[in-house]
Amino acid sequence: MKPVDRLMRENEELRRRLAEAEHRNDQRFGRFMEHLPGLAWIKDLEGRYVYANDAAIQAFGVRWSDLVGKTDDDLFSPDTAAQFRANDQRAMQSPSGIQIVETLRHDDGLHHSLVSKFPILDREGRVILIGGMAIDISERLRAEEALQKKEAHLRLITDHAPIFIAHCDTERRYQFVNRAYAARLGLEPEDIIGKRIADVLGQQAYESIHPFVERALAGEKVEFDALIPYRAIGSRYMHCAYVPDVAPSGEIRGLVAVVSDVTERKQAEDALRESEARFRTFIDGVQDYAIFILDPEGRVASWNSGAERIKGYTAEEVIGKHMSWFYLPEDVAAGEPEGELERARALGRSEEEGWRVRKDGSRFWANGVITAIRDEQGHLRGFSKVTRDLTAQKQVEREIAEGRARLDGIINSAMDAVIAVDSRQRIVLFNPAAEEMFQCPAQDAVGSSLDRFISSRFRIEKGLTVGHGDEAGRHTGALGSLTAYRRDGEEFPIEASISQSEVAGERLFTVILRDVTERKRAEEQLRQLTEELEVRVKERTEELTRSQQRLRALAAEVTLTEQKERRRIATELHDYLAQLLVVGRLKLSQGQRWLHNTPQQDWLKELDGLLEQSLTYTRSLVAQLSPPVLHEFGLVVALRWLADQMRQHGLTVAVEAGHEDLDLPEDQAVLLYQSVRELLFNVVKHAGVDRATVSLRLSLEGELRIAVTDRGRGGDFTESATAETMPPRFGLFSIRERMTVMGGTLAIDSGPEQGTCVTLVIPYRAAAAASQEQRVPVAEPAIPSASHGKPHQGPLSRGPCKSGVIRVLLVDDHAMVRQGLRSILEGYEDIHIAGEAGNGIEAIELAHSLSPDVVVMDVTMPRMDGIDATRVIKQATPGPLVIGLSVRNDRETEQAMRAAGATGFLTKESAAEQLYQAIRSAIINEVVR
């Protein structure tokens, strides 16, 4: 049995080693993927996502739990899903994978990504998964388009640069190689795993790298260039980086080798430094990026070679320094570094662009991404930051724009006619001088044949032929005089010269023409054309003015439509979702009483807390979509409510209203409320103060003036304002357009460090008709007085109440809520449900016929709301006591309910715990009075 036991122990040890190796591979894979500055994901053969790194999850706009197991059809639009699916199929059919550009629409527009997709094989070479990696290249594509020719050879190198990765144990046996490593040696990965380095590379090749292998296995990180005589592929110059694989215990488990073939770099000495930099950056996983790690306080903990190259500091100089060290002094004073860290803590990621400072004091334009690093328990362990120097790209974009502007200026200002023709003799450019010479507008000439203006007979005679190669005629130099045709067929003499160029692989021919007709005649023609141009400009100006008016009207209609839709959604949330949550809490309250002092009590309490949070969020969402207080109580009350809400954003707002009962049409009230809200948020974002004032006044001229004033930093709101003021000016432009649509104006009084006052002025007109439309009057049912029938007894004069039983009438337009309230109150022996009503009119009728002691009245109901119903019921003295109920918890609703005669007011979610006590307290207080 001893040999069997030994075999079993060895088998168990082998399983343990395999599990550890698999765990190490998973750790390395996870670290590589999570610190990759791009997106990475893995799908199964059915297209379901089985893995995605944080960058991919954030880019897809979903949570991991919503992504795993889903396909592209579940996550994206049909067109996008079809694009991804087709590329997946292509990747599965390509052993080496594919590299394509895919598009995905984000909130800020269409994004382009450079995507690598590749099949993942098992040991038998079968495809089991599909892998993908992507880098957003939207901005780069715009710059690369202009630099396409110059950078073509560079992209060829970087797109196909080979990188080989291998892992060997201390016995110099391969434990892992990537496909590029194996393919470079003409092998498959399974042909290498488990074999010694010398057996794979050849003894002579191994001897050339043996000293570096030994240093790495001794714990030293080694990086070197060497000419390695491989047995299979011959001698190649290789750039090698050997990193020891160190276990947590400190034991050296092997080494990781990252190898690049740099033979071409060695052969091209002039390109040595450039190629070396690109290969080293590629080895790091990102091109032209500075990557470093920050501790939770924002101090530098690690520093890569890319960071040293971009910022100029060595690792010894920056380790332990706060990240604010690289920012401009004014940005540090404004708290930008801490703000970026705070956003990364809260959101997991923060991206910004701005000027940064190198060691030598020079500035460069940088794009930086900070990502929070958390452990498995969610604790913050630090941050990773990836910075890219965009200075050259900005410079290239500026130079391209300046060059294009100069070229356009030269062509458009040239006194000679300039016509560009493609190889098919079609006109592609027709400058203003050509329009004048041929009396033909550019939009009419472009796309037509050159024969229209210069006969092919004259062109052949003078050698002015294009599109047939150099042998077809002369393509450069002056061609002398020839005859041309104006648009109306008139012949006139011209002088011409032609040149040839190639743009984007297509030959273009530029013809420069000069009209040599009598100068006076040309001047007269020019005068006539000028007059014609003025007429056209006038017509276009009038047309633009009419278009602007139509656009303003359309914008107003769109704004009102948006508000109607927001109000509809808010109503749906209030009338359905909020009521369901209330019913849920009522039902849960019953369960809590039944399961009191049971193991389920804590669970029910936690569930109740979740329902309360859901109801609070729903109420907040309703208020954000369409504040009910605006539609029910008018603009002044809504602005006071808005002032209370702004306290959540650190702004104290004082509302000064000269008239409390402004009667405005709903569309005007909504637009004014939106405008004031946007102005207050401008104060929060840009003024740098914590106080503001909103004043409303009616002028003697019949104008409503609303002024939003702060004592903040102010600014320049003239046309010559600098670029830094553009974001708030854009919001002001939108508000100005709204005022124009309503026949009003917007005035700004502001100066640097002098505060800002924005005044909205509109013609004021009473809106009695509009008010009636918003709230259709309902005929109030007459309640017979005591002299015309049975006296209406209240809670003090009726016997049952004195005997200890309180008769209650429940009023709510949702049957589920009434049922929930009934089930709560019926649990008390001294409560009797006398009846139920579904709206205000029914409540009035039942209050008279049933004579309840207490009416529990919902506020928001169809036909007649609870406020009007309470007012009518309380007219029947002494009448029952009324306790108001509402999903909303704003002060204005409670005040309106109490003003109508309600004794108390509760929110629906508190009814489960407080309604019974409120009824009892109301009865007792009435008796005491």
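Using N, Cα and C of the backbone, Cβ positions are placed for all residues, glycine too.
Just so you know, TrEMBL annotations are computer predictions that nobody has curated.
Since the structure is predicted, the reported quantities are computational estimates derived from the model, not experimental observations.
Here TrEMBL flags 512-557 as coiled coil.
Annotation comment: TrEMBL describes 25-95 (among others) as domain 'PAS'.
The domain 'PAC' annotation in TrEMBL covers 94-149 (among others).
Residues annotated as domain 'PAS' in TrEMBL: 150-220 (among others). Across the domain 'PAS' (150-220), mean pLDDT in this model comes to 82.
For 220-274 (among others), the entry in TrEMBL reads domain 'PAC'.
The annotation domain 'PAS' is assigned in TrEMBL to 275-331 (among others).
Taken from TrEMBL, the feature domain 'PAC' covers 350-402 (among others). Broken down by DSSP into helix, strand and coil, the domain 'PAC' (350-402) contains 12 helix, 30 strand, 11 coil.
Remark: secondary structure over the domain 'PAS' (403-450) totals 23 helix, 12 strand, 13 coil, with classes taken from DSSP. Per TrEMBL, the feature domain 'PAS' maps to 403-450 (among others).
Annotated domain 'PAC' per TrEMBL: 478-528 (among others), in sequence order.
Taking DSSP states H, G and I as helix and E and B as strand, the domain 'Response regulatory' (807-923) has 56 helix, 27 strand, 34 coil. Marked as domain 'Response regulatory' by TrEMBL: 807-923.
Of all the Cβ atoms in the protein chains shown, 27 others lie within 10 Å of the Cβ of D858 (4-aspartylphosphate). Taken from TrEMBL, the feature 4-aspartylphosphate applies to D858.
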Query = How does the domain 'PAC' (220-274) divide up by DSSP, counting helix, then strand, then coil residues?
reply = 11 helix, 32 strand, 12 coil
Key: Counts by DSSP class (helix H/G/I, strand E/B, coil) across the domain 'PAS' (25-95)   = 40 helix, 9 strand, 22 coil
